[in-house]
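Asks: Got a structure for you, written out below as structure tokens; questions coming shortly.
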Amino acid sequence: MSNFEMAGTGSSRNNEEDNQQNTNWVWYKHTNNNLSTSHNNQIWQQPSLDLYPGQIDVCDMTTSSRSLTISCQECGNQAKKGCTHGRCRTCCKSNGLHCPTHVRSTWIPIAKRRERQQQLQTPTSNPTGGSGRVGKYRDINQHATLDSSGLEMGETRFPDEVSSDALFRCVRMSGTDDGEGQYAYQTTVGIAGHLFKGILYNQGPENKSMRSTQFYENPPRS
């Protein structure tokens, strides 16, 4: 019995060694596959580059759609997008580099920016105060002087007051806010050799203190 047990014990040890060898063979085979796979990955994988300030990784631009911030190679500020030298406008100009992206500057001084913001924030009021329309007026760049005889601008002198016959045509103005329209009168007059056109809007009932104006439906034409 003891010999039989010893033989069985020896056979079991041999089986364990065979299993261990088989296990080791399978484990080494799996390791070789990993090595071959990693070797293939190393062949196809592109090496990473050390980027200096102002350089762009071309691989990131083709594979990523996020916006990149480019720094100037000299001062470290934000460089102009599309600059081939990788510098800002000031550094390109100081070094004498001809860059097409730095030809025109989009920088606006802070004084002009504040003035523009104040103009946008200031509402334009209607001088007549009638139907709440916002009038748009063009600034006159030429210097004008006003005296007792009228307004003089350049070589043209405009009278202070004009009394002339004009034809007023009744037109219907459509409203954009409420959809309801109103009636107005359109006229064209010539003063001092210049043509003036305008529209008279309805300002409500006539005030008795105002000087009445006599209108003709069909005024005589010269």
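Cβ from N, Cα, C; glycine included.
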Asks: Could you check which of 44-71, 72-99, 156-183 is flagged in Swiss-Prot as DNA-binding region?
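Replies: Checked against Swiss-Prot: DNA-binding region maps to 72-99.
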Asks: Looking at the candidate ranges 107-110, 151-154, 191-194, 215-218, report the one that Swiss-Prot labels motif 'Required for homo- and heterodimerization'.
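Replies: Range annotated as motif 'Required for homo- and heterodimerization' by Swiss-Prot: 191-194.
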Asks: What does the structure give for the C-alpha distance between CYS83 (Zn(2+) 1 binding site) and CYS99 (Zn(2+) 2 binding site)? Integer Å is fine.
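Replies: On Cα coordinates alone, these residues lie 7 Å apart.
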Asks: If you draw a 10 Å sphere around the Cβ of CYS88 (Zn(2+) 2 binding site), how many other Cβ atoms fall inside it, taking every protein chain shown into account?
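Replies: Around the Cβ of CYS88 (Zn(2+) 2 binding site), 23 other Cβ atoms lie within 10 Å.
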Asks: Looking at Cβ-Cβ distances, which residues of the chain lie under 8 angstroms from CYS75 (Zn(2+) 1 binding site) while being 6 or more apart from it?
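Replies: In sequence order, CYS88, THR90, CYS91 meet the Cβ cut-off.
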